[in-house]
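Chemist: This structure is in structure tokens; I'll ask about it shortly.
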């Protein structure tokens, strides 16, 4: 757990497994979880503290917006940072209390497995917070004015949307929470395609708080809402990864998977979102977060190799592999530390994060030398042969001399590596001591101290009274991994959801990108040549051609009109065959049709001011046009065929495909 530093020395943080009343660190959950009365009292106190922090944040936010004084804004921004950290800590502690589970979900996770499996804590992210949003008023107005339907008839759909957004504000820290965020993100893609265009949009103001600083930001672009949800998907992956039990191989595997998916979410956001209104979504911050998640995934891979039972029968190759794996982890954290220390990231990032990355770089670099020394000390003939074949793992700093074969020379070289290991662990402890926040993380000191003691013990074992000359400087270890972390883009397109507003019609026609006029109902009877028009396409069915002098032309129907109602039955989602079958079944009484005629847009599509967009190509991620209505759940994928049929211009070419039918 990493806490925020206050000027008065008190800390706040985001880890729910901690309590800040006395500034100490909770290790796990206390025994009150088994006592209902104390649980209820604890929960009530947490609610009171959350209410207090919310009032403080509201006051600070109002002052932040009202003042133009730079010094005051900086001071208020700092206070918002503290309040934001406190809120994340309290809300997560409340969630953990309700589920009676003791795990971390904020700055650094603190688990305490017994034995040598004990490891340095991870750094998960807190979720971005948002305010409640009123979808009802602007959506009802837009549906009434642009779509020509009764906006009040869509109250159920709007309420369902608002309930979904409200639920995403406090998702559970598991796969169900990820599914919830992905479902809301999918709905936002539908909303973006239907209600948001350069010509017309609901005019909503999306308000989110920065995850790192707590400073509020707001935009009218739906891309900001989508980007914030995607950020929370990545942050939730980090929390799931940090709470895994890394004392077993399964836990390390799940943790590595979660961190790789978090890195993928941040990369997707960085590559497709621009003009970020908050520091945590800037390109520099997202790049740093991606590097951090890759480094933590690499650390989990190393932990999996280090666990008892994961080693191969031959000890020496294991030590060599561990040396290179540890060097790889050290290299990754070195890159993370440099990224954190660069402006503007360092101006918004907790200093304790930067210090922890530096501590890990030193710690794992020292572990690499320790395992190299252990490999050199191995006395078996098989180990010696393997060491000779693997000497390329050492990077000579000045010379390219081969590794010594004599046992005495190897002992001296092992001592040199142990010396570098000891110096590295001492440096890690020094960095740990210099940071007031890290000093409170007892587990961090325990891990580094244990590693230092192992190195000192092995060094003493190799020490001899007649060692009058120091060995040459130990070479660096070549970083290498058998399993490089893979940045995995979240599978958002696989989430099956229903377009809440599918009753409005297919997105290819019925969206704010188009303007249309409702015609009818018009009554038609069958003539000698039938109804006098040719139909094409699905959902909605298009009048591809009108026979001159026929019944359709006499009724005022035009080429390019879409049929939306047959005898009072809405048919926006009907297939081509359904409409044709219905028309052929009509008797002498004829048929009553309603159609919509597309009107010229105020400006051609693709022109006008460029709008900030989260997804430059939504089809690439599976969000394009909704499927026809069907029993739940409606899949969000699988409409590539339909797009080719239904996305037709107002005046299509004469019908030539096999789906065209001239109604008799």
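Note that Cβ sites are derived from N, Cα and C of the backbone, with glycine treated the same way.
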Chemist: For the feature region 'Disordered' as recorded in TrEMBL, pick the matching range from 1-46, 47-92.
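Modeler: Going through 1-46, 47-92 one by one, TrEMBL gives region 'Disordered' for 1-46.
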Chemist: Reported in the order helix, strand, coil, what are the DSSP residue counts of the domain 'PDZ' (521-589)?
Modeler: 13 helix, 23 strand, 33 coil
Chemist: Quick one: mean pLDDT on the domain 'BRO1' (121-465)?
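Modeler: So the average pLDDT across the domain 'BRO1' (121-465) works out to 86.
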